[in-house]
Ligand code: HEM
């Protein structure tokens, strides 16, 4: 059946043969009723003259022209300044209703929590020292990654290879913290794993974060038909179990292949920072003991191992337990925050360690609710989020890691949509 629980239209993108982040944005323009400009709730804005002045960087507004940016706008601005500025660019009311059914009522769960978070951040939490720890961790991991790859190319053995894999894995996830924020140089570090920060901002920030586990979520759609967590399946669970390790190994370099194919077949633009990942094999070649071909093979081998561990964490960590919402399931409330709680679980372990929070997608629910906040600030919000959940008679789901993993494999076999019980008043 072709429908999505969270939107009125079934995404145009689903019927494309070659799926990639740029095409996702183009097709979103068809679905979003944004009248070639920018839509926020039921109003249309012309932000063309604001692109250059946007404090978060020009990239966000450039990419989203012609689409409904309600979810992005609400989640990326906590303090209310953006709402005031937005009104300067109002051009008229939207002619058609919003495609997405998710709501942001001012007395609903998400907006209530957001007001409380804004107050707490202004009055009680000094973010600067915490944020600078994140930057220090990130910079040390960057240095460790280069050092580890050079060590591998001088003396290839299990400990040096493991060090290279774990430092690149950590670097990839730490840099994810920074690409959610205003433009900064650390966002480019995600490129070292052969991915690209612009694509990440589409498939992860604008697609996965805003519409998790739905047919609008590119992180799910891009691995189909090899993996499928939606309740409506094409193949048996055994096919997906068999394919899992192959998908895990190829996830990182696969995104690079998608970009190259997009550039040659569809004329998508390639940027200077696409060549950043090659600085690692270059350093290995200059300082190591291997020839050029062996260096490249060694580098790619480590990328594949990193990819396996990265995908293992990403797919088993927070979104695909069989009790989690997946498109086709019914939701009891369409409040944006309640939807995020239904589509995201937290891991019980290691919640207090800042380095591990940064490198393993920790405090994932809080991160989904307020993605621009540095991961170091998220533990400070735990109590507030718990209290607000209680008040709205809803809950955070926290599971031990092994249960999330078992649930993910069960979800690969779940074939019936069901109602997700997360109440909210
Ligand atoms: C696709 C939609 C948008 C996205 C993804 C986005 C993203 C961001 C990001 C990442 C930041 C930096 C946040 C931080 O590091 O604390 C930011 C800040 C900001 N943005 Fe946007 N933005 C969008 C649309 C807009 C619009 C339409 C306006 C107003 C017309 C706006 C006004 C601001 C302002 C004033 C800030 C400074 C921080 C604040 O006051 O919240 N943004 N934005």
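Cβ atoms are placed via backbone N, Cα and C, with glycine included.
Residues or ranges marked as domain 'Cytochrome b5 heme-binding' in TrEMBL: 32-95.
Feature annotation from TrEMBL assigns transmembrane segment to 136-152 (among others). Here the transmembrane segment (136-152) has long-range neighbours at 160-161, 163-164, 167-168, 170-171, 174-175, 177-178, 186, 189, 192, 280, 283-284, 287-288, 298-299, 302, 354-355, 358-359, meaning same-chain residues at least 6 beyond its ends whose C-beta is under 8 angstroms from one of its own.
Taken from TrEMBL, the feature transmembrane segment applies to 158-179 (among others).
Residues or ranges marked as transmembrane segment in TrEMBL: 238-262 (among others).
Sequence annotations record features per position, and here TrEMBL assigns transmembrane segment to 282-315 (among others). Tertiary proximity for the transmembrane segment (282-315) is limited to same-chain residues at least six positions away from its ends with a CB under 8 Å from its CB atoms, namely 146, 149-150, 152-156, 161, 164-166, 168-169, 172-173, 193-194, 219, 227, 245, 247-253, 360-361, 408.
Within the chain, the transmembrane segment (158-179) has long-range Cβ neighbours (under 8 A, six or more residues past its boundaries) at 134, 137-138, 141-142, 144-145, 147-149, 151-152, 186-190, 192-193, 195, 197, 200-201, 204-205, 252, 302-303, 305-306, 309-310, 313, 358-361, 374-375.
Away from its own ends, the transmembrane segment (238-262) comes close to residues 18, 20, 22-23, 172, 193-196, 199, 222-223, 226-228, 268, 270, 274, 277, 300, 303-308, 310-312, 314-315, 409, 412-413 of its chain (Cβ-Cβ under 8 Å, at least six residues beyond either end). The average per-residue pLDDT of the prediction over the domain 'Cytochrome b5 heme-binding' (32-95) is 97, rounded to a whole number.
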